[in-house]
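Below: one structure, written as structure tokens.
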Amino acid sequence: MTVAVLGAGAFGTALAIALARNGAEVGIWARDPAHAAAMQATGRNDRRLPGVELPETVTVSADLASFVAARTLLLALPMQQLDSFVRSHAATLAGRSLVACCKGIDLATGRGPTAIIASACPSATAAILTGPSFAADIARGLPTALTLACALERAGAALQSELSTPVLRLYRTEDTAGAELGGALKNVIAIAAGVVIGAGLGDSARAALMTRGFAEMSRMAIALGARAETLAGLSGFGDLVLTCTSAQSRNFRYGHALGAGEGFDASVTVEGAATAEAASALASRSGIDVPVTDMVAALVRGRVSVPQAVEALLSRPLKKE
Ligand SMILES: NC(=O)C1=CN([C@@H]2O[C@H](COP(=O)(O)OP(=O)(O)OC[C@H]3O[C@@H](n4cnc5c(N)ncnc54)[C@H](O)[C@@H]3O)[C@@H](O)[C@H]2O)C=CC1
Ligand SMILES: O=C(CO)COP(=O)(O)O
């Protein structure tokens, strides 16, 4: 096996399919043995990515030990699960190439994915794969471009060539902070964009929100050590555009439900909700002004209503762009 995907969600399954179509031997680890058995039996992941056939070269198992010999391990779990997962399996994952495929900031520690891996499993090579891509699009074989970020240039180059396919194009950077903050913060702005549309405030307001949101993402990421050009790339601006403008996005749909005063299925992964709170706390500790993020965190927590959030943002002092 060349690549193992740890986590049997929509994104991990889609990546496994794309890599297997390109000739890699891929294993998917599902933590739930019943889920692994169902995927093996049906040749599909009906729970998380229904309607897509797994190539025959994809194997699925709930036995983590059978996957650790793979050259590269993709960690395709929700962000708030990553720290405990890597800590509990640190001995098994030691010395491996670990590519985080999640977007967000850990609520408990304020860390991003590569810092979590480095702290919990220091002997591993930590990288992150992020950027504009819906799992369903990848699984259908539609063209997609992503960012592979790894602080070690040679390791990053090896991962870029290993994980690229003719339709899944990976661009590379050493700026892990920029790639992961772009991917984390765009989900927060996407929730806000969903609120704007759900509350009937219109496309012009969404464009304003996305623009000011991008300024906020860049301000925060640069203050925390990221490069401006990374934020302007696939993992920042690119993913912001995709997520704020498509109803395929769960973050956008969640925001839309908040804006429209409707309920939302709590079992759906909405990374921007916890990340809004984590980012708001991190920004406050670092003295960075993030009004949209603060408002999304307050909305998610139910501390303000949608009309109060809109009023608060519109009544901020006028200033230079
Ligand atoms: N779905 C998409 O289109 C994309 C998702 N992503 C990112 O991928 C990450 C995962 O998202 P999805 O795959 O979409 O989520 P998902 O909701 O489809 O699946 C999450 C999977 O993680 C598993 N899981 C949860 N906690 C776990 C734990 N402690 N140990 C092992 N497995 C655990 C769940 O059982 C589930 O199979 C997120 O950070 C998301 O932002 C990135 C790009 C695209
Ligand atoms: O990150 C994504 C697209 O790049 C997926 O977005 P959602 O998690 O909002 O569905």
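Here the Cβ of each residue, glycine as well, is placed from N, Cα and C on the backbone.
From the candidate list K103, K319, the residue TrEMBL records in the NADPH site shared with F11, R31, A135, R250, E271 is K103. When the neighbouring Cβ atoms lying within 10 Å are counted for each of the binding-site residues (K103, K186, R250), the highest count belongs to K186. According to DSSP, the secondary structure content of the domain 'Glycerol-3-phosphate dehydrogenase NAD-dependent C-terminal' (175-311) in residues is 103 helix, 0 strand, 34 coil.
Per the record's binding annotation for sn-glycerol 3-phosphate, residues K103, G131, S133, K186, D239, S249, R250, N251 show a top Cα-Cα distance of 15 Å.
The 6 Å Cβ screen around ligand 1 retains K103, S133 from the binding-site residues K103, S133, S249, R250, N251, ordered by sequence position.
Once Cβ contacts within 10 Å are tallied over all protein chains shown, the binding-site residues S249, N251 are led by N251.
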